[in-house]
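Taking it in order: structure first as structure tokens, then the write-up.
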Amino acid sequence: MKRPSGRAADQLRSIRITRNYTKHAEGSVLVEFGDTKVICTVSVENGVPRFLKGQGQGWLTAEYGMLPRATGERNQREASRGKQGGRTLEIQRLIGRSLRAALDMSKLGDVTLYVDCDVIQADGGTRTASITGAMVALVDALKVIKKRGGLKGGDPLKQMIAAVSVGMYQGEPVLDLDYLEDSAAETDLNVVMTSTGGFIEVQGTAEGAPFQPAELNAMLALAQQGMNEIFQLQQAALAD
């Protein structure tokens with residue numbers, strides 16, 4: 001089996017995490033997984049949604065979108081269509097669920113964190129790149145809240161979160177699929193994990209033939225291996 005990119009089966013794409021990428025947001029990152037590039041920002045606003053009023057905890061919510069020419073052909077803006085598509089809604093809910101798992105909301109205080117992930121160039125794995133980059137932006141946003149005198153109850157950060165794709169490509173498990181691999185893969189899996197080794201989400205779909213338990217285990221093992229590298233890259237970015 002030869003991957004289109006020439007990478008080994010267990011090799012991640014080149015990953016770069018650039019912090020403080022925009023000027024105004026409390027946390028901002030440009031994350032690059034190969035040719036996939038996503039701007040992730042975290043904005044802090046006082047107050048919480050109505051359903052959390054008086055409960056003594058904060059909230060985090062996420063939005064996701066793609067520039068019209070992030071892909072090979074121009075896509076119409078969802079705003080001009082008047083509604084978000086099902087894929088967009090699914091991905092932004094995934095991002096929100098994943099990042100909430102990083103936090104103890106009771107220590108966040110009466111604030112809402114708005115995570116915005118905007119894909120400026122797509123070559124596969126946009127949702128996993130979004131989660132990985134937004135996690136770093138979230139850490140920076142928490143530092144800003146603390147500097148402003150918040151987080152009196154202690155550090156709300158419980159653990160780091162990251163995500164990666166794995167799949168069965170030409171009968172073999174491969175790590176971090178790009179678009180060419182993703183479009184031809186027999187199975188595509190998106191895996192979200194904590195830095196302590198737990199799974200937050202595993203999204204898997206077979207195209208054509210179903211995948212077998214042994215293949216699932218092989219893909220999850222590959223995801224765990226890749227995730228260890230990604231967590232190291234997150235920590236290195238935060239150390240700069």
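Here the Cβ of each residue, glycine as well, is placed from N, Cα and C on the backbone.
Since we're looking at a predicted model, the values are computed, not measured.
Feature annotation from Swiss-Prot assigns phosphate binding site to ARG87, GLY125, THR126, ARG127; the stated evidence is sequence analysis.
Known features from Swiss-Prot, placed on the structure.
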residue : record                 : contacts (Cβ under 8 Å, 6+ apart)
ARG87   : phosphate binding site : none
GLY125  : phosphate binding site : PHE33, THR36, VAL164, SER165, ASP176, LEU177, ASP178, ASP182
THR126  : phosphate binding site : THR36, VAL38, MET66, ILE91, VAL119
ARG127  : phosphate binding site : TYR64, ILE91, LEU94, ILE95, ALA163, ASN190
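In the three-state DSSP classification, GLY125 (phosphate binding site) falls within coil. Residues listed for phosphate, ARG87, GLY125, THR126, ARG127, cover a largest CA to CA span of 13 Å.
In sequence order, TYR64, ILE91, VAL119, ALA122, GLY124, THR128, ALA129, SER130, ASN190 are the same-chain residues whose CB sits within 8 A of the CB centroid of ARG87, GLY125, THR126, ARG127, the residues recorded for phosphate being left out.
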